[in-house]
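Trainee: Attaching a single structure in structure tokens format; questions to follow.
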């Protein structure tokens, strides 16, 4: 089996400079989903027909082992787009899947089932089908082509478009989902014989079906497992609706594998994310990129985790952001914490509210619970970092590193000016500005002398 994906459309209703098939759904281009579903349908020999901004599309998928064909006239119609890829199947004796690049909901399972249906008809009825059309029933079929069949069978007579349908035909709820499998020699024959529409000048794939039926090449319908598979993406609102369907499918996939997802309509889980059983995910969470969440962890409301590893039994409290970092076992992050740039938070460490950690290694059992900035630093195990502590790592030209040993104490509102080393068991008194290395076990105090002037405060407050 081979596949041709049609991705040449102008996408004018998107009102965008970007090709429609490159608009993203859960962090992936729309076309990625179609390619992935085709491959999940056990088809690896794939051609993509491009047209509008062809180079952008080809560049985006240059590493996907695809064959590209260019439709010279993007307004030539769907059959003209398939004809642009004729060299891909002109000498091929098998079947070809034709699917739109804006149909990301047609599942790999459905594609496999369509192939199996062709095989069963050949095996049990002795009929080599000319084609199979994916269909579904919609309660409101307005705008879709209606499937006209022989009564009591799945044999298609023709597909009639909404504008051409009689009142009786408009009452039909079975519609064309826009995905087809054709026997390649019959397809090629039909493509060369059909005529352009006298109204638009376009060549339509639905005319291929009518041609095959008239030639005696049997075409049958195959019902999609879910009506949503018929949803194409023609507008930004369609994109939002399709994204919501995929979002819920992904949430359900993980729920069926032992993950608790609260209020799944609000949870964003991208396709490359991996989650182990007994993870609990609260509303408004975003899990992005190649994030991995290990068993027993809890991800609090509104948190965003991208391209990061969260190990076992971690608690990420509300509205925390973690990017390109690792959170080790039993650590606690947040609420309102930010961890980024390849930081590592050690086992049982606590990074609390309004603490930012950037490109730093935080040891086991470290506590930084409030209002701190830790940048370009290594902090040894069991060290305490008080509220308001800042690691000053930038002098206006370059970044410098800091090292704090194990079991040290950094008092509240301390300023550590890098490059600097603070030894094990060192104690820095609150409010200190530290610009020299502190030896192991030493006490460092850096404060201006406090002066008290009796009675002066009241005088100032009462002054007119």
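Placed from the backbone N, Cα and C atoms, the Cβ positions cover glycine too.
As the structure is a computational prediction, the values presented were derived from the model and not from experiment.
Copying in the features that Swiss-Prot gives for the protein in this structure:
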- 370: active site, proton acceptor (ACT_SITE)
- 6-9, 20, 77-78, 145, 161, 176, 234, 340, 358, 373, 384: UDP-N-acetyl-alpha-D-glucosamine binding site (BINDING)
- 102, 234: Mg(2+) binding site (BINDING)
- 387, 393, 394, 412, 430, 447: acetyl-CoA binding site (BINDING)
- 1-236: region 'Pyrophosphorylase' (REGION)
- 258-464: region 'N-acetyltransferase' (REGION)
Trainee: Measure the Cβ-based neighbour count of residue 430 (acetyl-CoA binding site), defined as the other Cβ atoms within 10 Å of its Cβ.
Mentor: 16
Trainee: Measuring C-alpha to C-alpha, could you say which of the recorded positions 20, 370, 393, 447 are within 10 Å of residue 102 (Mg(2+) binding site)?
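Mentor: 20, listed in sequence order.
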Trainee: Taking the Cβ of each of the binding-site residues and counting other Cβ atoms inside 10 Å, which one has the highest number: 234, 393, 412?
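Mentor: Result of the Cβ crowding comparison: 393.
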Trainee: Under a three-state reduction of DSSP output, how is residue 447 (acetyl-CoA binding site) classified: helix, strand, or coil?
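Mentor: Its secondary structure by DSSP: coil.
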Trainee: Take the Cβ of residue 161 (UDP-N-acetyl-alpha-D-glucosamine binding site) and count every other Cβ within 10 Å, whichever protein chain it belongs to.
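Mentor: Cβ-Cβ neighbours of residue 161 (UDP-N-acetyl-alpha-D-glucosamine binding site) within 10 Å number 14.
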Trainee: Express the predicted model's confidence over the region 'N-acetyltransferase' (258-464) as a mean pLDDT, rounded to an integer.
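Mentor: Averaging the confidence scores along the region 'N-acetyltransferase' (258-464) gives 97.
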Trainee: Do you know offhand how many angstrom separate residue 358 (UDP-N-acetyl-alpha-D-glucosamine binding site) and residue 412 (acetyl-CoA binding site) by C-alpha?
Mentor: 19
Trainee: Whole-number Å only: compute the distance from the Cα of residue 387 (acetyl-CoA binding site) to the Cα of residue 370 (active site, proton acceptor).
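Mentor: About 5 Å separate the Cα atoms of these two residues.
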Trainee: Using a 10 Å radius around each Cβ and counting other Cβ atoms from all shown chains, which of the recorded positions 20, 358, 370, 447 yields the largest count?
Mentor: 20
